[in-house]
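In TrEMBL this protein carries:
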SIGNAL    1-15  signal peptide
BINDING   W46, E68, H71, E170, N173, R175  chlorophyll a binding site
BINDING   R73  chlorophyll b binding site
Amino acid sequence: MKFLLASALVAGAAAFAPNASPKATTALPASKYASEVGAQIPLGYWDPLGVMSNIDNDEKFDLFREVEITHGRVAMLAVVGQLVTRAGIHFPGEFEGVAYADIPPGLAAFDVMPDGLKADIFATMAFMQCGVRNIEGTGNEHVGDYRNGWIDFGWDKFDEETKLKKRAVELNNGRAAQMGILGLIVHEQMHTNMPIIGQL
């Protein structure tokens with residue numbers, strides 16, 4: 001019994017012993033791109049699938065970043081479009097005999113939308129993807145910079161720190177919008193009556 005009591009006291013005293021100093025580590029960051037725009041609080045560098053861990057190719061990284069920015073921009077427009085149409089705001093008039101006000105929001109719109117309107121949407125997407133982004137101009141300062149001299153919003157007047165902050169904000173808003181539009185689509189398909197989302 002005395003032995004058990006002494007053992008318990010020694011074990012309890014060990015809890016108050018100072019921690020051993022941590023050993024230095026030689027671990028490298030997951031990717032050479034871990035300090036690029038978008039790696040910031042609260043997530044830091046986020047690559048849960050390790051897509052970039054084996055890539056040491058700037059062109060491929062730039063392609064992935066351009067795709068991420070493009071999808072983020074489209075998702076931001078999609079979220080705003082969902083909210084605006086669910087609020088009852090529509091273009092006036094009609095297209096091929098179908099009133100814009102009769103076209104429902106979300107994926108249900110494709111069942112009601114005339115084929116000509118669907119063709120217009122895809123033609124606009126193709127034009128934006130293949131035409132506008134390749135116009136030489138004052139842009140091309142970074143991946144996703146499509147300014148081409150027509151629309152600038154005073155970008156050249158910002159200092160480098162402000163530009164980096166605005167690029168990070170756009171990237172993170174795009175990431176959030178991608179999750180947001182997927183959530184809205186899922187709720188739409190579930191025909192949910194959840195508060196707020198289900199009432200939109």
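Any Cβ shown, glycine's included, is placed from N, Cα and C.
Automatic, uncurated: that is what TrEMBL annotation is.
All features noted in TrEMBL, drawn onto the structure.
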residue: W46; record: chlorophyll a binding site; Cβ contacts under 8 Å, 6 or more apart: A39
residue: E68; record: chlorophyll a binding site; Cβ contacts under 8 Å, 6 or more apart: L171, G174, R175
residue: H71; record: chlorophyll a binding site; Cβ contacts under 8 Å, 6 or more apart: G174, Q178
residue: R73; record: chlorophyll b binding site; Cβ contacts under 8 Å, 6 or more apart: E170, G174
residue: N173; record: chlorophyll a binding site; Cβ contacts under 8 Å, 6 or more apart: G72, M76
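Of all Cβ atoms in the protein chains displayed, 17 besides its own lie within 10 Å of the Cβ of E170 (chlorophyll a binding site).
Secondary structure at W46 (chlorophyll a binding site), as computed by DSSP, is coil. The maximal spread of the chlorophyll a binding site, taken as the longest Cα to Cα distance among W46, E68, H71, E170, N173, R175, is 17 Å.
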